[in-house]
Amino acid sequence: MAAPTERRGSLARVQQASKTYWSSEPRAGSWSNIRRASADLPVAAIAGAAPRRSLGASSGQDKYDGEKPASDEEFGVGDIHEGEEKYHRLGWKKLTVCLIVEAIALGSLSIPGAFAVLGMAPGVILSIGLGLVAIYTSYVVGQVRMRHPHVAHYADAVQLIWGKFGYELAGAMFAVFLILITGSHVLTGTIAWIRIVDDTAICALAWGIISAVILFIVALPPTFAEFAILGYVDFVSIIIAILITIIATGVEAHSAPGGLSGVDWSVWPPPTTTFYQAFLATTNIIFAYSFAVCQYSFMAEMHTPKDYVKSIWALGLIEMFIYTVTGALVYAFVGSTVKSPALLMKPSNPFIGPADHLSPGIALPVIFISGSINSTVVGRYILNRAFPKSEIRLIHTKAGWLTWLALIATITLVAWVIAEAIPFFSALLGIISSLFISGFTFYFPALFWFQLIKEGKWYVGWKNICLSILNGLVFCIGLITLGCGTYASVEDIVSSYASGSVRASFTCDATAYGG
């Protein structure tokens, strides 16, 4: 009896078709050919029938040596290559900026508070150690994209190891994660406005609505190359806000009774620190290194995808330096009373003079630019899934722009609801880290290495043995973060409500956010 034929679209068929098609020369590069390859049509015939296509390294524009294949029309993509050109203009420097915008903002806000809970030594060790792990897992994520160039979002990569179920699961996780991140930026914006105006009598809901409207407007540019321009403003704002916070808190500590020696910081965790508090602080540091989540989405727009390695090293080193220096210095200057988000603290020292709300004000571009890029990424993902063969997904027609506006408005509205439903900063970041970053940054990349990257048996050769142990540890970190982090976040929410240290959901009361 003949062996049963694999069904169209099976996991093995998709993996083999991707490898075979993208290793063939010449490569047509159209999505229709990948679909035909996965349907078991002759790959060689496909490649021979289509003209060679390449992406210009400097301009990012598509170049064809012959006529565009008419057969693409049956898949609805024949005339939209021109519209796709604007989505291939991202170089490694702009990719670094996009990753900085996506990753650093809330990370830099939460790190000093994490140091206050964990102590100086564990804080520094975790800040550097988790940063190195994040660089490695981001490298693995990029290697999957290099071997399977059709991967445009994280869900596409998970489909390679878990099939259709993995695709739908990771897609849902991806969308919910990014909307939650946008919600955390709505909440951070609310806190920032309240501390800037220094008037808790104004309804907190109003500041939340203002923050949501700003996030909606800034998220409207649909391409990441365009968004990278705002990213430079964002990065400068991050640096300035950090410097202002460090200098102002340092001056305050120096002029306070007892000077710097009077600050109550400790090398190890304070005796009163509980397990859930310590792990929640750890998840806040994990959150700060979540840049692998959007990496596929950004790499899909790169004109030279192999340059991603430069971006993740640049970003990883920048993050480790910023987080470690900011966390250590602010904690050393403020001590156990450091607030979270830390960069929104209002120094009261005369050094700042009448501009005592300068640090929260400078942080506003960070909050809104970094928050809006998450809306853009999830919007693009939803649009590509809803309209895979339509020009609407290219957002260059009236229908495309109307759809885009409605989609971003819906995402922002949901994010605002989340911010009002979970109105506390550290616990919200903890939930996000535990449920989503545990997978996107840790256990998914480990599984990618074992199933898609590893060559040969795990025990053959020192390289495979060492990398197998490393990825096994990374996988365990992900599972521990998922379980213990979720427990710590829920425990913190219950404790915060019981103590009355946070405002209730959907209320005007802003006293909990006062400086």
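Cβ coordinates come from backbone N, Cα and C, glycine included.
Look at TrEMBL and you will find 13-23 tagged as compositional bias 'Polar residues'. Marked as compositional bias 'Basic and acidic residues' by TrEMBL: 62-71. Per TrEMBL, the feature domain 'Amino acid transporter transmembrane' maps to 89-489. Residues annotated as region 'Disordered' in TrEMBL: 1-28, 51-77. As annotated by TrEMBL, transmembrane segment applies to 95-118, 124-142, 169-194, 200-220, 227-251, 275-300, 312-338, 358-378, 399-419, 425-453, 465-488.
Beyond its flanks by at least six residues, the transmembrane segment (465-488) meets 133, 136-137, 140, 275-277, 279-280, 282-283, 286, 430-431, 433-435, 437-439, 441-447, 449-450, 454, 458-459 of its own chain at Cβ-Cβ distances under 8 Å. Most Cβ pairs under 8 Å to the transmembrane segment (275-300), among the stretches 124-142, 227-251, 312-338, 425-453, belong to 425-453. Counted over residue pairs separated by six or more positions, the transmembrane segment (312-338) shares at least 3 Cβ pairs under 8 angstroms with the transmembrane segment (227-251), which defines the two as touching. Most Cβ pairs under 8 Å with the transmembrane segment (95-118) belong to 358-378, among the candidate stretches 169-194, 200-220, 358-378, 425-453.
Across 200-220, 227-251, 358-378, 425-453, the stretch most heavily in contact with the transmembrane segment (399-419), judged by Cβ pairs under 8 Å, is 200-220. Here the transmembrane segment (358-378) has Cβ contacts under 8 Å with residues 98, 101-102, 104-106, 108-109, 174-175, 178-179, 181-182, 184-186, 188-189, 192, 195-196, 211, 214-216, 218-219, 221-222, 224, 227, 230-231, 233-234, 237-238, 240-241, 244-245, 248, 294, 297, 343-347, 352, 408, 411-412, 415 of the same chain, all six or more residues outside its ends. If you look at the transmembrane segment (169-194), the same-chain residues 6 or more away from its ends with a CB under 8 A from one of its CBs are 105-106, 109, 153-155, 157-159, 162, 200, 202, 204, 207-208, 210-212, 214-215, 293-294, 341, 344, 360-361, 363-364, 367-368, 370-372, 374-375, 377-378, 381-382, 385, 411-412, 414-419, 422-423, 425, 428-429, 431-432, 435-437, 439-440, 444, 510, 513-514.
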